[in-house]
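> Can you keep this structure in mind? I'll have questions shortly.
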6 protein chains.
Amino acid sequence: MRPSGRRSDEMRPVTLEPGAAKYAEGSCLSRFGETVVLCAATIEERVPGWLRNSGRGWVTAEYGMLPRSTHERTDREAARGKQSGRTQEIQRLIGRSLRAVTDLEGLGERQIRMDCDVLQADGGTRTAAVTGAWVALHQAVSKLVEGGALPALPITGHVAAVSCGIYAGQTVLDLDYAEDANADADANFVLTDTGGIVEIQGTAEGAPFSEAEFQRLLQLAKAGTTGLVELQKAAIGSK
Amino acid sequence: MRPSGRRSDEMRPVTLEPGAAKYAEGSCLSRFGETVVLCAATIEERVPGWLRNSGRGWVTAEYGMLPRSTHERTDREAARGKQSGRTQEIQRLIGRSLRAVTDLEGLGERQIRMDCDVLQADGGTRTAAVTGAWVALHQAVSKLVEGGALPALPITGHVAAVSCGIYAGQTVLDLDYAEDANADADANFVLTDTGGIVEIQGTAEGAPFSEAEFQRLLQLAKAGTTGLVELQKAAIGSK
Amino acid sequence: MRPSGRRSDEMRPVTLEPGAAKYAEGSCLSRFGETVVLCAATIEERVPGWLRNSGRGWVTAEYGMLPRSTHERTDREAARGKQSGRTQEIQRLIGRSLRAVTDLEGLGERQIRMDCDVLQADGGTRTAAVTGAWVALHQAVSKLVEGGALPALPITGHVAAVSCGIYAGQTVLDLDYAEDANADADANFVLTDTGGIVEIQGTAEGAPFSEAEFQRLLQLAKAGTTGLVELQKAAIGSK
Amino acid sequence: MRPSGRRSDEMRPVTLEPGAAKYAEGSCLSRFGETVVLCAATIEERVPGWLRNSGRGWVTAEYGMLPRSTHERTDREAARGKQSGRTQEIQRLIGRSLRAVTDLEGLGERQIRMDCDVLQADGGTRTAAVTGAWVALHQAVSKLVEGGALPALPITGHVAAVSCGIYAGQTVLDLDYAEDANADADANFVLTDTGGIVEIQGTAEGAPFSEAEFQRLLQLAKAGTTGLVELQKAAIGSK
Amino acid sequence: MRPSGRRSDEMRPVTLEPGAAKYAEGSCLSRFGETVVLCAATIEERVPGWLRNSGRGWVTAEYGMLPRSTHERTDREAARGKQSGRTQEIQRLIGRSLRAVTDLEGLGERQIRMDCDVLQADGGTRTAAVTGAWVALHQAVSKLVEGGALPALPITGHVAAVSCGIYAGQTVLDLDYAEDANADADANFVLTDTGGIVEIQGTAEGAPFSEAEFQRLLQLAKAGTTGLVELQKAAIGSK
Amino acid sequence: MRPSGRRSDEMRPVTLEPGAAKYAEGSCLSRFGETVVLCAATIEERVPGWLRNSGRGWVTAEYGMLPRSTHERTDREAARGKQSGRTQEIQRLIGRSLRAVTDLEGLGERQIRMDCDVLQADGGTRTAAVTGAWVALHQAVSKLVEGGALPALPITGHVAAVSCGIYAGQTVLDLDYAEDANADADANFVLTDTGGIVEIQGTAEGAPFSEAEFQRLLQLAKAGTTGLVELQKAAIGSK
């Protein structure tokens, strides 16, 4: 029995609200249950040094948590003077995930910088970030197309993410904080709309898990991201 | 004529929404027009070293801006590895303002840590922060009273803040970004409900301003904060 | 009764000694009683990036305290690896104050960098710094005029600063450390020779103060800075 | 065809040399082809603060690369003043992997700190580190048992790691640098001797990969780590 | 011919002014020609962790330069966020030099912290610092004896320092900046009043120098420090 | 009697193994007894800013220790976020030593960056580093000559280093850790093959030492480095 009463293959209510950041070129407020992440895309007309004169663009991401987004307060990284290993791991993951479905040549020599800031954290912040960031990215590059800066949308497909885990001996979809803090294993899946795998991060928190368990987690994730892609489609249609 | 069409003594629409941060002991979403600041109070049962065994408590504040809260993206301070002078100046201001209306002995040996995070920035973020932080502080210490940890509310009055400035030769109340970026002078006032002055920060951006101009700014501020205190009263009544 | 025996409107003995730093383009040793600040101006023939090709110059300031300038030793900021919020607040204040009386176009595309280092601290270091820095600035730009690099002095007036406060229930001028550590309120005023206000920073340390009290502080400051401007005139005449 | 001429399921020559660090409590020089990692275990008789008086121990890891371990020189992290996101990601991975096979209660209140330093880097440094670190860990805790500090070895099994990837359209085992720099996908597997999964990190560098491809990578990894466990057994027998 | 017209064995005019820092427990303003260093001693009644309960004390030093102490402005280390290698080298030298003539057991479990800040730099700042620091140290520990905290002065002798070098092919004593910037070799000697060697740092800036040259430098240094010790004796007698 | 049983003028066994770092342009594994330092030279085709368009090159060095190279574990500098004063002192020493025998004009506008990393530390790491670095430097610039980038070897002689000290009242050559930790004095000598002095760093750890003692240390060092130069010659012949 899950703390939330959900079935093992049941996601939390998810909403993706495009345009939530008034000044950003693209944005999305992504909610997975009580987890809330604001994704904001900035278009910069210059690329990192190693890409100059290459004709190619780049997509990068930064991630942060408001100190009191969490159940217990977390230290402010700006005050501590450095980003944690976890933060850096997550922002690298978001950047890679978005680049996997971006045509970097089609984007031209410009950079999209995606800020994913957690306003409220109840587990699954990185998967909510990836899923919402895709909507923000889509909105930003659509403006480039509408404004005539690009001939076509440099996006090759959807990318969405969800976590799965082993909780109380059972494989479950979309861990919330109560589950995550007590899970035996935790895996994040970043998948495309055509079932392609962009990223898998699976970790045994306690005892190792079996190959069979891992396969069940992957099947849960595929079902979960299929639903998320439908929500992304609705979000970009509605903006 | 102000860019927003407001009268010189007219504030932007202000709303104070208590309880906006689900996990914090006290919180308030403070909106001054398009400026949005989330204030979240954390109660810590330990004080800084220099207060141990003093029987007195402390209130401190931290301030941050989401990178894309601004019209143009601002660098993430956590990524740069340090907080700017402006950030430190503001968080010191918020802390002093709250302490001015807190009975630190009445609070007992505990610390309230106030996080003020700017979700959207259209001028006046520090004044929206102070005004909302008071509501979050009130909510947090009220819980201490309700839970029996404190016999009485250790709050001696309201504190609210507003900026005034000289824009296009005219003294105006509650500068928005369009005004702030072009103002000749800018002054932030932190005042109590009884007209007491907690903090004044006035700066000539270009030419110095006169004593008479300063007096007009102060009168505007008094009128402005009187309205803000009414909103605070409504907010703590409604929570 | 003030600890020093001074009248409420009496400043400490002030001396401004131009040329105290042998190698600097301009300098001044500023003494307010036992407070001693060495101000040294450096002329740099390049401006910050955002001013390049603008035809305008800039004035900026840095501030520091020798670790044992204070009654109790203060940690060395270079050893701690960062400047405190207080230091940054003060150096921003000094820079703004000097720019308020500098014709930045008349200065041409060059930067004056003002170092204000506290050799001995007995209260009022920031006001001693601003007051002495003006002399150092004047000396530096005079050399530019004398050397033919500038046709006219790009200085539009004097700027001087003094602190006032409420000590033992009384409004007093030019707080020393013994007063500052026990004051109910503390305000720093940066004023021009024509009575213009460049900067006001007023803070209630304990209970808020009233508007009437603030007005008295302002009048004390006007009288105090009038005397400081006379000393500045003597200093630039004598160099 | 692989650049090295290896078959798709063929690992590079691997050697695990225990005792390579003269002063460490446990150590292992781990070579995967031209990749060389020195793993050194230090036993500390104190645990992090959150474990004090818990009766439980901890295993943690740090990772670094000599600047010229790489084909092109890499900046020295100590000189840059911070560890990269990649470094932090890897040291967290090594720590989790070792803890997955350590009986932390059996270890008692002490900490094993594992330093993994890359002397030469030709791809697969993190997998060489995990595989060698297990040997160093075993050697260190064996000394605790031999010295009478522990009644039994607090190790519950072997853990070994290998990378697999898709190179030139083919799934291959144990990527070297020439392959890694051009792979379409890259996955690191940390597995136990009983086939349990401790960690999976799979990333599409370019296009997403399919579930079927992922399954083949997992099978390659299982075969690869089976061989590595044999080498670990030989290493601890020979020390 | 030396730029200053001095003979090869002639020091610059040196003055040692004890008590120059009003609030420090001991202090000395040390002038070697145009080089001016303020040395200030702070007594702390606690020692570094590794000396607790050892019955022994410690002497440590910090060193800094005012940014415009130099002919060209030097960056402020507090603003850059770290101390240079040169600064750290010098502060370690000063600390070792003072400890060489301090009876650390006789000092008891307390620490003397010596701040040496360069107000004006014309070469030889580290040697002026060591020479003046000895006077400040003597003044500080004398107060401990006078106050009854110590039965006897824990100082075993004098320590003084001077630089020598090879300039224009000639061995010369007490390099000033004009010589130092063009010297072929530069050596700093820290010697005691009984001719003991505490520290020698000799460096060929260009071509290596010969053993015979080094011997001449050492003889010059011995003569130079003999004079400095006389000045130290006068300084402690006069305070 | 020395702990190792060596005679007072007897060095530890020294080996210099060129080419030990596979990917570096020049390298040497330098062993002084149990002390092992890997020196790796990187050729960079750009110089620091202050040398651009000067026609001259530069040689610089970085130094580090593996955390468990030492008898007790040393904190990792990359994790602490800064290099110690000792590290900076040593890397400056190595750089100066190499530049003393390099014809910087003959090198052309390029930089040699020397990484010296201590794999095992039993005293004398800096002298092992200097001695081995010369071999790595020679190997790197020889490749430039062989490849036709330089017409002649820009090396003007050998440079080698050794430490000497006063241990148990006796002057001894090449201190190992057991001696170094208990020495009364410690001196590092960097000398050329023609007996020139490049650098001397002598420090009394406890009581000052006499001039006569220092002369004996210098004679020991001359004998020691003569042997080291022979080993360097053999190393560059054998590569």
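Glycine is no exception: its Cβ is also placed from the backbone N, Cα and C atoms.
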> Of the candidates B:ARG76, B:ARG80, B:ARG86, which one does TrEMBL list alongside B:GLY124, B:THR125, B:ARG126 as binding phosphate?
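It is B:ARG86, as the record lists it for that site.
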> List the other residues in this chain whose Cβ sits within 8 Å of the Cβ centroid of the phosphate site residues B:ARG86, B:GLY124, B:THR125, B:ARG126, in sequence order.
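Close Cβ neighbours, site residues excluded: B:ILE90, B:VAL118, B:ALA121, B:GLY123, B:THR127, B:ALA128, B:ALA129, B:ASN188.
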> Compile a sequence-ordered list of residues in the same chain as B:GLY124 (phosphate binding site), six or more apart from it, whose Cβ lies below 8 A from its Cβ; state 'none' when nothing qualifies.
B:PHE32, B:GLY33, B:THR35, B:VAL162, B:SER163, B:ASP174, B:LEU175, B:ASP176, B:ASP180
> In the structure shown, which of the binding-site residues B:ARG86, B:ARG126 has the fewest Cβ neighbours within 10 Å?
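If we count Cβ atoms within 10 Å for the binding-site residues B:ARG86, B:ARG126, the smallest count is at B:ARG86.
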> What are the sequence-distant neighbours of B:THR125 (phosphate binding site), meaning same chain, six or more residues apart, C-beta distance under 8 angstroms?
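B:THR125 (phosphate binding site) has long-range Cβ partners B:THR35, B:VAL37, B:MET65, B:ILE90, B:VAL118.
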> For B:GLY124 (phosphate binding site), name the DSSP secondary structure in the helix/strand/coil scheme.
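Reduced to three states, the DSSP call for B:GLY124 (phosphate binding site) is coil.
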> Can you work out the mean pLDDT of the predicted model over the domain 'Exoribonuclease phosphorolytic' (B:159-223)?
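The answer is 94, the mean pLDDT of the model over that range.
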